[in-house]
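Swiss-Prot annotations:
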type	residues	note
BINDING	Cys62, Cys64, Cys77, Cys80	Zn(2+) 1 binding site
BINDING	Asp746, Asp748, Asp750	Mg(2+) binding site
BINDING	Cys1077, Cys1268, Cys1275, Cys1278	Zn(2+) 2 binding site
Amino acid sequence: MGSTFKREIAKVTVKVASPEVIRSWSSGEVKKPETINYRTFKPEKDGLFCEKIFGPTKDYECACGKYKGKKYEGTVCERCGVRVESKEARRRRMGHIDLVAPVVHVWYLKSSPSILSSLLGIPAKELENVVYYGGKRIIEKILIVTDPKNTDFIKGSQLYQTEYEIYSQKLDFEVVPGVIIKSPSTPVTSSISGEVKIRHEKTHTDREITWVDVRKISRAEHRLYTGMILNVKNGDKVNQGDEIVSEMQIDPIYAPFDGTVEIDEISESITVRPLSTSKDIPVTFSLPYGVKPTVSNGAKVKKGDQLTNGTVLPAVVASVSGTISFGKDLNVRPREDGKYEVLKNGTLFVENVVEEKHYPLFEGALIYVEDGQEINEGDVIADRFLFEDEYLTIDEFKIFEEHYPAMFTAESEVENDRPIVVITKIDDEVSVETGLKIGDIITDDQYWAYRVLYGEKIEADSGAAAIKKLLQNLDLEKLKAEIEAELKKVSKSSGRAKKLLRRLKIVKDLLKSETKPEWMVLEAIPVVPPDIRPMIQVEGGRFATTDLNDLYRRVINRNNRLKKLYEMNSPEIIIKNEKRMLQEAVDSLIYNGRMGKAVTDRNGRPLKSLTDLLKGKKGRFRRNLLGKRVDYSGRAVIVVGPHLKIHECGLPKKMAMELFKPFVLAELLNKDDETSKTARKMKKAIIEKELPQAYEVLEEIIKGHPVLLNRAPTLHRMSLQAFEPRLIEGNAIQLHPLVCPPFNADFDGDQMAVHVPLSAAAQAEAKFLMLSRYNIISPAHGKPISMPGKDIVAGVYYLTMVDKNFDSVKEKDIKWKFSSIEEAGLAYEFGYIKLHDPILVKVDDKVIKTTYGRLIFASIVPDEFKDYNKTYGKGAIKDLVYNTFKKYGVDRTADLLDDIKDLGFHYATISGLTVSITDFYISPEREKIIEQAKAKVSEIEELFAEGFLSDEERYRETIKIWADATEKVQDATFEYIGKDPFNPIYIMVDSGARGNKDQLKQLAGMRGLMADPSGRTIEIPIISNFREGLSVLEFFISTHGARKGSADTALRTSSAGYLTRRLVDVAQSVVVTTTDCGTHNGVRATVLKSSDGLTVEKLEDFLFGRVLAKDVFDPKTNNVLVNPETGKQYTRDTIIDDDDAKFLGNYSVRIPVVTEGEIDLSSPELPESYCELAEDFVYNDVHYEVGTEVNWDVVRKATSAGLSKLKVKIYPVVGKVSVETVLSSKDSKQLVVDEELIEVTTAKILEENNVESVQVRPEIIVRSVLTCEAEHGVCSKCYGMDLSNHQIVGVGESVGVVAAQSIGEPGTQLTMRTFHTGGIATTADITQGLPRAEELFEARKKLKEPEGVFSRVKGYVKDIVEDETGRKKVYIEDEAGDIHEYEIPIKVKVAVNKGQKVLPGQSLSTGAIRPRKILETLDVDATALYLLKEIKKVYVEQGVDIHDKHFEIIIKQMLDKVEVVDPGDTDYLPGDLVRLETVKRINKEILESNVQVDSNRKRVIGKELHHHLIAEDENGQIVEIAKEGEEVTEEILEKAIKLGIKDLVVKNGEGEIVTYQILPKEPIKYRRRLLRITKASLERVGWLSAASFQQTPQVLTEAAIEGAEDLLLGLKENVIVGQLIPAGTGLDMFANIQIEETPRFAQEKEKMA
């Protein structure tokens, strides 16, 4: 079986899909919301599960069943339209929904900041308002038209202020302010009883007001009689005594002609009828009051006869003053003189109005009374006086306000929600005239006003359709030119510039990815394949469905309803509402809950939308793509397997059979060369029934087939190792005891998982890279990790220990002497000697005094390390193992470990080690020590009482006394127990098997001082020990610590786990990509001292495992340094192993500060060290003075000046590192400090102070990942040694993950504690352990402890001054003599002394320093060094050893990004974070391409333009220089250059699109940044990796706009797309290596059997 791999996927691109693309993915349109038919359970046609669209539900069978079977594959059934294929298609084939109205994609609308908002330049809130058909709350004045003049307005029609302002610009008409009526009281009732009078009048807006007057009246009645002549008219005013009717003389009536008389008594009239022969007509006379006829009825009369008598009518006088009112019965007739004559008796009243009310009613009111009607108080006059929301002018309003006070309210301004629209098209002239432009948002009232004035020259719309029009109208090229032009005018740091740059970036991204902006508005929605959103039948016949189906259903329902509404020509408002609902439905399908309230199911649980399927821990990325399940695996409890070799494990038979089933089956079939189905069945049965032959085959297969064992939590790579399985009975996996430390396993019920590597390549990797015998050395620190412990150590110690009298026994007194080791063995076997008896043995021609136990142990040790006079405890065994590994390699070491294990277990058993309480001897010294301490404490108390000590000092002294006493008791106890070397407790502690001196002290000495809950030490110690027992008080004091310990452990585990996740995330892509990046930079090797002066790391540890960046010169000879023992030369690229590190770390020589010398100018040679002129000379009038540095230029000038010799002063110490502190003899000022690189100024200061010589070491520059210049990852040389095998690291090694694991794995051992150093407020709390590590990795701005001060210069502490307020100031004099002042905050203490020398970055006070401050004031190297020291210190304090290079990788990632200050001519924005190497590369490319500008200008002539050219001309106008497809001429080129166009995109002869730069570009200006690890992992190059970390939708949105390509450089990205990671054997350079599994030949198989 051969296996190779090729990388299938080179990159993954994400883009915005166009409607055409969405439809091209689809196999059909989903038109119905139905899913499955409830009767047949078959998918509904055109529904969400339609077989025609998505493929058949049964394999190779159409829906109607006409075609069945694979032979019809590809046939489309003509009955049901289903294509015959595998049901797998239902996981692949997509559908789509064609939307009736466009819908905005919520990701682009609601990203933060919103992409559509930035692109269109419309604020996000307003944009959302447009999309969701929102309104705008407007308060505006009301105006009413009073004179329309020549317009189409009607008198009385109302306008709002905004409309009026628009109309009045073009039209002439008059308006007055108006009000709107609110809550008028109804109905109108009369407040008095009285008579009704009704009248009508018109207002100035031609609207009618009806007046109802009600009057309450007092009346004087006067009777009037026929014939009376009235002096007054109805309504006239009279005074009392006025004559209404004057006295009048009535003459008799005479007959006018001959005739007959008729008297009518009822009407009081007399009629004369003429004779029938006469032509006269009858005449009637009314008889006035008091006139009587003188003739009888029917009498005949002659002309002139008297008919009546004459009389006098009396005068009628007004009895009261008042108003005249004619009674209803009064009948009058007007006369020519204007007076009235009474025709019939009646009544006249003189009225006085007692009370009168007027009720104006607006047109439209319903009146319930009639004119003249008498009504009572409370009667209803009309249903209302005004309508709700009636508009009135101010004058009209005043009438009603006067007559109906407090019966209604009126508003002169109205607050309304006006629907808004966005302008999508506007004529240029209209735009200039109105000041509006495309994209402006106005209310629909304003829009219709503009439409009236300008017609179709202006168009506006709302909803997604409007956004789509706006996006379609965008000319991106023009927009780009406009933004670039505007950017030149604003300051780069302003907020406006940032907005413009964001917009410019989006425009450029859209152009680059060839995305049309309108694609962000959806016309069609893809429907995911049905098997990804299944519907399953649950018991009870109900169906359970994925949330997506519900969300799709809502979209289809609303879409179909909208379609119907369009067909029915529904009103605009209903259609708008339906469009809004469709938009919301699509929003919740894409990202439920992003806009407004989330759609929930009946239990109130939000439905999971497409976005929810991607993001978060449970999303597609982290759940399925990065967290896959593993096939061929099992897990079981582990038990110890002491008989195993280190590379073996015991695998339970049953488990092995299950895991290797396919292999066993294949082998069984292979044996008999059978392939038939029945044969398979038979062989399967053999396996299932567990017949012996199955196990025989299994035994054979398992040989040489490694398995992987893994124990969770997998904190580092040693938690997953390969073993060769051995079949065992039982159900538990057997584990070799020596691999317990790397797995952190014990046998108290731990479980482990087993995995089977399948392919030949995987097996090879497991066998050669992961086998446990190759993982003895830890990659964290390069020392062994698979180490014997517990009983093995105790056994080996017991074997090699001696009696206490061993050393004092003289050789002549030794009873047993042997000629050989074998002979001693015989004596032991026969019982003559015991293991620990002193014996003399001849070994290698020498007689040595030893014990038989030591002889046994020496037999397994390599020859070079045999030692017959050594007791082997844990430390000695560790050294032995490490030395064996260094000398003989990993295989011999593994064998040695197995031998140690076997011996250890055997002799631990023989030793019969037991523990009893009586084994804890209590030292007689103990009481004395305690008594002395008590006496000292009493003294202190007395001094305190007398006032010689402060409370703080007393506390500190007491603590100190008891701490010393405890230590003395500890030593005394150990010494006392050790008097009997066979004391089991002493054996356990001294060997390092279990327990330590501290625990022994507590058991048999005294428990000592305890801490209280805050961590402050309690000054009363526990004097008792556990053997004697504690008093109640002592027991109580000791509980604090125990509780705190338990709480800490629980908190630590989770914090450490999260720290590891962040570390891995930030460093995962750091892989060794090349053997050598070629850099000459490096870091200076130095002793690491933390800010408080603690030595964190010795020089030899700093050097171990690194590669030299420069040659190391011997300070004495100035030649390359040579190791005298090994003869190794320390030149560039030498890898420093353990022995080299020890040599270089301890090598130093004493050399003179200055020597005199001279240069022979006849054959000049410059000295190796720095030198200066010791005499003056002049050449060409230039004076070369004493003290000038001598270089070749000076030598040449001296030769030309005719000198033969040149006297010089040589300073050999310059460039060397001092290993001592040199003080001035005058004022004991520090001239040079330990580990200081001596510079010229320092050397001269030494010379001035008459210092003759200094002890120095060479300056050693080593390669470091911090200075590596590899484009991606790091190079082998900068990384140095792979600590797990002590070889230079291989290309492909995943050093980032190893670093993260090495730092994260011991995280749980770091304490959480924040110690008090004893003081309450005076000394700072020191944050330690995990919180401090996190504080540093996260580069916290806010530190838990007070901030310290550091020096920014190299110099001396001149003075330390304290002012009255207690503030201290430190003055530092630099080497140039300038003074620098540093103020020390009150909360911290000064950490330097007067005369002390300080170096840049050195702490001047206690307290922590912010790394960012160091970066700002010093440089990157100082920051990296500070971080390294401080992080390393956290681990060193807890006794955890981790190599610097691991921390350096994390620090490199934290310092890897730079912040763009000025993007120059690149697409970055100010504030963008970019990798340093990327910026350097881009700047280099810009500078290189700037050189080619002239040649490009020639090349571009005659080529065809791919884009039209647009730029801003001198007048600030955007102009088009050339059209797309036009040929570039000299003229066009000249114009383009003049207007500042820097790139031309053209088509060359073959039609390829090429970009030519025609103007020089500006490079990026940047500043270095220190990022916290969380931020550093988010700031990734690839979008896949970033999307899978946090903020998935945001990352994908931005990536799609950009058309981002992920080149799959990191590890996570490749895991996501499912191919090998580019690390280790997954690197491209190993891609074509063929791994063959050679078949074993028959003879070989027989041998093995």
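Using N, Cα and C of the backbone, Cβ positions are placed for all residues, glycine too.
These numbers come from a predicted model, not from an experiment.
Taking the features listed in Swiss-Prot, we show where each one sits on the structure.
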residue	record	DSSP class
Cys62	Zn(2+) 1 binding site	coil
Cys80	Zn(2+) 1 binding site	coil
Asp746	Mg(2+) binding site	coil
Cys1077	Zn(2+) 2 binding site	coil
Cys1268	Zn(2+) 2 binding site	coil
Cys1275	Zn(2+) 2 binding site	strand
Residues close to Mg(2+) site centre defined by Asp746, Asp748, Asp750, Cβ within 8 Å
Ile638, Ala745, Phe747, Gly749
Should one count Cβ atoms within 10 Å of each candidate's Cβ, the binding-site residues Cys62, Cys64, Cys80, Cys1077, Cys1268 would be headed by Cys1268
Among Asp746, Asp748, Asp750, the most crowded of the binding-site residues [Cβ within 10 Å]:
Asp750
The most crowded of the binding-site residues Cys77, Cys1275, Cys1278, judged by neighbouring Cβ atoms within 10 Å of its own Cβ, is Cys1278
Restricting the comparison to the binding-site residues Asp746, Asp748, Asp750, Cys1268, Cys1275, which residue's C-alpha is spatially nearest the C-alpha of Cys62 (Zn(2+) 1 binding site)?
Asp750
Nearest of the binding-site residues (Cys64, Cys77, Asp748) to Cys1278 (Zn(2+) 2 binding site) - Cα to Cα
Asp748
In whole Å, how far does the CA atom of Cys1077 (Zn(2+) 2 binding site) lie from that of Asp748 (Mg(2+) binding site)?
49
Closest by Cα to Asp748 (Mg(2+) binding site), out of the binding-site residues Cys64, Cys77, Cys80, Cys1268, Cys1275, is Cys1275
The binding-site residues listed are Cys64, Cys80, Cys1268, Cys1275; by CA-CA distance, the one closest to Asp746 (Mg(2+) binding site) is Cys1275
Using the Cβ centroid of Cys62, Cys64, Cys77, Cys80 as the reference point for the Zn(2+) 1 site, which residues of the same chain not in that list have Cβ within 8 Å?
Glu51, Ala63, Gly65, Lys66, Tyr67, Glu78, Arg79, Gly81, Val82
Cβ within 8 Å of the Zn(2+) 2 site centroid (Cys1077, Cys1268, Cys1275, Cys1278 excluded): which residues?
Thr1074, Asp1076, Thr1079, Arg1263, Val1265, Thr1267, Glu1269, Ala1270, Val1274, Ser1276, Lys1277, Tyr1279
Could you state the CA-to-CA distance between Cys1275 (Zn(2+) 2 binding site) and Asp750 (Mg(2+) binding site) to the nearest Å?
40
Using only C-alpha positions, which one of Cys64, Cys77, Cys80, Asp750 is spatially nearest Cys1268 (Zn(2+) 2 binding site)? These are the binding-site residues in the record.
Asp750
Here the Cα-Cα span from Cys77 (Zn(2+) 1 binding site) to Asp750 (Mg(2+) binding site), rounded to a whole number of angstrom, reaches 59
Between Cys80 (Zn(2+) 1 binding site) and Asp750 (Mg(2+) binding site), how many Å separate their Cα atoms?
59
Rounding to whole Å, the Cα atoms of Asp750 (Mg(2+) binding site) and Cys64 (Zn(2+) 1 binding site) are apart by 57
